[in-house]
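Here the structure is laid out as structure tokens; the discussion comes afterwards.
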Amino acid sequence: MHRTSIVEELERHQQDQKADQEPGSVSDASNSALQESSDPRLSTTDNTNTPEINVNDQQQEQQVASGEDTDPPSPRMKTIVKPPPIKVVPPLNFGPVERNLYRSGQPEPISFPFLEKLRLRTILWLAVEDPSDNFLAFADDHEIVVHHLGLVTEGTNPWDQLTESSIVAALQIIMDRDSYPLLVCCGMGRHRTGTIVGCLRRLQGWNLASVSEEYRRYAGSRGGRALIELHIEAFDTSRIIVYPESAPEWCSS
């Protein structure tokens, strides 16, 4: 009896060892479960419904709550859709001669708003033909005196240059300050207007080279007329009487 119990005890011990070595045993299952729980890659937990947290959004909310400055929004470009109410368009060949003394071609209606800014008191019209009706109406509405000095007398050619008497009459008006602001003009603002301005420069003591350069600058790419330059050179400035008490301001400076 004693031997039999010892043999049975040995057999049971051997069977227990074999059972421990077989795969799928309880100990292996427990070990694998422990490995799965410790390794996050083997976890079967469903995380699809877990909300994501934006750290930047949290920081921005904290800045707003604490009153800290945040980046200002980018400025937007403003578009001007309303055009200027007045178009500033000077007349053809417009230019200043002296203070409150101007020259140009015949002004068109588009240039009338520009002329209004000059507050003209006198206009010397040097062309042979009469000024346009719109031009005369503009002068009448603004109480501007128009002197028509380009009229053709009997026996003269309308294509000839200004007469000596017309030049003297124009310069006497120019040398009177009561006529200012003043505009000297003709059809294109080139030759006849250039003659008056050239003789005025002679009266001011300009040298002939400077007088000719100014005349040709306004005469255009086709150049000036040699006869006009000779006429300016030969003009007798002693015929102009200048009264200091009534002379324009630029004359005494």
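Heads up, the Cβ atoms here are built off N, Cα and C, so glycines get one too.
The compositional bias 'Basic and acidic residues' annotation in Swiss-Prot covers 1-21.
Annotated region 'Disordered' per Swiss-Prot: 1-84, in sequence order.
Swiss-Prot lists 27-65 with the feature compositional bias 'Polar residues'.
Feature annotation from Swiss-Prot assigns domain 'Tyrosine-protein phosphatase' to 93-249; the stated evidence is sequence analysis.
If you look up Swiss-Prot, you'll see C186 marked as active site, phosphocysteine intermediate. Under DSSP, C186 (active site, phosphocysteine intermediate) is assigned to a strand (E or B) in the three-state scheme.
Other Cβ atoms within 10 Å of the Cβ of C186 (active site, phosphocysteine intermediate), summed over all protein chains shown, number 26.
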